[in-house]
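One structure below.
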């Protein structure tokens with residue numbers, strides 16, 4: 001089944017800024033969105049892993065989606081993370097996002113309850129039938145302990161009209177190769193791991209859902225644009241420049257490092273919600289994170 005690709009290029013997996021007293025910092029969120037669009041991104045992803053989805057209340061979800069749609073103002077598609085390990089809840093979140101005006105949905109493989117491949121397929125089919133909006137599957141087995149098998153993703157792409165792509169964060173090149181070799185027309189295959197973006201593009205992929213773009217939208221968009229234009233020499237150069245910072249984003253649990261970088265830039269507080277905790281200001285890990293970005297942008301290393 002052919003699809004209309006939701007985007008091609010970079011979609012930042014946006015952090016959710018919080019104030020020091022744990023409220024949503026809508027002003028910082030809107031500034032972040034403007035910076036991303038000015039940097040050249042092709043879409044926005046809100047309420048994903050990097051957006052601390054598990055600790056966001058239902059009311060806050062509405063506020064975040066409304067703020068993202070208002071700030072984007074039609075300039076790029078807004079994709080909302082609505083997948084959970086509860087199908088009914090995922091349906092409710094998906095319908096609410098579509099009703100608010102979301103352009104697409106990000107549906108993660110169910111975590112903790114570890115369904116069969118058939119169970120996951122039924123989960124997605126149920127969401128798609130209820131929400132009737134483009135769906136990007138999200139495969140991140142390191143977080144969920146569940147791997148979306150290529151044959152399952154391809155079955156859904158062929159049989160379910162709204163399944164329009166996959167964010168692949170398994171790190172499995174063979175799996176990515178299978179998806180790219182057998183996908184239907186218009187089915188997007190995106191890197192969900194910044195460090196894997198260059199190889200995915202070289203294999204014919206369509207872009208990335210990115211963590212590092214929160215702080216470096218322009219340089220990361222240059223990498224992806226070069227790869228999509230088959231200018232692999234330029235893409236390799238950008239990859240080499242960004243690689244230390246890409247790796248630094250995962251020296252502690254995402255989004256802790258990237259939020260600290262954004263805070264060092266003066267864009268937001270470094271606050272994350274429990275059970276995540278911010279890095280200690282004097283920790284060696286924090287120094288390594290900020291130092292990795294210091295060659296690329298002017299961050300304050302305390």
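Numbering starts at 1 and runs along the chain as displayed.
Glycine is no exception: its Cβ is also placed from the backbone N, Cα and C atoms.
Annotated features in Swiss-Prot:
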ACT_SITE  138  active site, proton donor/acceptor
ACT_SITE  167  active site, schiff-base intermediate with substrate
BINDING   50, 209  pyruvate binding site
SITE      49  site 'Part of a proton relay during catalysis'
SITE      112  site 'Part of a proton relay during catalysis'
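Recorded features from Swiss-Prot, shown on the structure.
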{"residue": "49", "record": "site 'Part of a proton relay during catalysis'", "DSSP (3 states)": "coil"}
{"residue": "112", "record": "site 'Part of a proton relay during catalysis'", "DSSP (3 states)": "coil"}
{"residue": "138", "record": "active site, proton donor/acceptor", "DSSP (3 states)": "strand"}
{"residue": "167", "record": "active site, schiff-base intermediate with substrate", "DSSP (3 states)": "strand"}
{"residue": "209", "record": "pyruvate binding site", "DSSP (3 states)": "strand"}
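Remark: of the recorded positions 112, 138, the most isolated position is 112 (fewest other Cβ atoms within 10 Å of its Cβ).
Measuring Cα to Cα from residue 167 (active site, schiff-base intermediate with substrate), none of the recorded positions 49, 50, 112 fall within 10 Å. In this structure the C-alpha atoms belonging to residue 209 (pyruvate binding site) and residue 138 (active site, proton donor/acceptor) are separated by 10 Å. Residue 49 (site 'Part of a proton relay during catalysis') sits 10 Å from residue 138 (active site, proton donor/acceptor), taking the CA atoms of both as reference points. Taking only the Cα positions, the spacing between the residue listed as 'active site, proton donor/acceptor' and residue 50 (pyruvate binding site) is 13 angstrom. For residue 50 (pyruvate binding site), applying a Cβ distance below 8 Å and a minimum sequence separation of six or more within one chain yields 13, 14, 15, 211, 214, 254, 255, 258.
For the recorded positions shown (49, 209), fewest C-beta neighbours within 10 angstroms: 49.
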